[in-house]
Amino acid sequence: MAAPKVAVVGAGVVGLSTALCIAETCHSCSVTVLSDQFSPNTTSDVAAGILIPHTYPGTPIHVQKQWFKETFTYLFAISNSAEASEAGIHLVSGWQVFKNTPKEELPFWSDVVLGFRPMSEAELQKFPQHRFGQAFATLKCDCPPYLLWLEKRLKATGVQMYTRKVADLWELHSEYNIVVNCAGIGAHQLVGDEKLFPVRGQVLKVHAPWMKHFIRDGDGLTYIYPGIHRVTLGGTREKEIWSLSPDSGTTKDIFDRCCSLEPSLRGAQDIKVKVGLRPSRWCVRLQREVLSQGGVKLPVVHNYGHGAGGFSVHRGTAKEAARLVGECIAALQGSSSRAKL
């Protein structure tokens, strides 16, 4: 058969990474990215982009750890290369602090990040409201630079990118042999996934160049993540809220919470407010499916529903999605050779 044509729907961090993994591993196919929004207008552009995993109750821990490890290894290599600045990837050390000692003092990812250890009594004095903490170094991706770097890599490997609103995966069957669904929160409508729901996140991006270390409250609600140019202050986790309009009361609340962790932030300048909808579900949907209408079949690979943890596992899930696309190609080639017989 002719070179299989693969369409990837969605151009956030998961869609672009998945397209790149497919292009790197399935050399016999042509890859196209279709999305109604590209950077800087994707949900990924709002994300803080720090690699601290979010746990998916419906996904086995060893699978989540593998995804995280593959992502960390991939980004760590970029952070040690000449492309680190352009890709917006850098190492950042800091603290995760808890008001009470957590049940799990050693999270599943503790041996993937660098230098993970309990905080000393002297360090904890910086956080008088907190009784326990963990210190470690991890990676941070600045968006949009990382998405633009991915787009550049895609263009270099011959991947086409088009702005297009896809209303139904089936509309692509006459143009493409395989469709990969990385639509994020858009999958709620695109494939009618009722298990997918938005978790609204509002964050502030501020100028505070003296902030060199991240600080994260163990409840995951309040965090301070220094990027290369701006510091991300967060945040909110509002389930089933679809509004993308910033809320001024929430802005004040986020700022006050972050200042209680780090009082020097009172001097932060140039506060910008961003809102995104995390595509959340019980587990990431990462699987093959075959759609069929009137005897015509369309192989689909789904890779969406990463919620708050997209950046932490994006490369790992993209590699798995690319492997599933390889299986689809093998099945197509098998059926086409059988047809010749």
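Including glycine, each Cβ sits where the backbone N, Cα and C put it.
Copied from TrEMBL, the annotated features are:
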BINDING   Thr43, Ser44, Val166  FAD binding site
BINDING   Tyr223, Arg278  D-dopa binding site
DOMAIN    5-324  domain 'FAD dependent oxidoreductase'
SIGNAL    1-19  signal peptide
Binding-site residues: Thr43, Val166 - member with fewest neighbouring CB atoms within 10 Å: Val166
Site of maximum Cβ density within 10 Å, from binding-site residues Ser44, Tyr223, Arg278: Ser44
Cα distance (Å, whole number) from Arg278 (D-dopa binding site) to Ser44 (FAD binding site): 9
Nearest-integer angstrom distance between the alpha carbons (Cα) of Tyr223 (D-dopa binding site) and Thr43 (FAD binding site): 18
Separation of alpha carbons, Arg278 (D-dopa binding site) and Thr43 (FAD binding site) (Å): 7
Pairwise CA distance, Arg278 (D-dopa binding site) versus Val166 (FAD binding site), rounded so that it is a whole Å: 20
Confidence summary for the domain 'FAD dependent oxidoreductase' (5-324), mean pLDDT rounded: 97
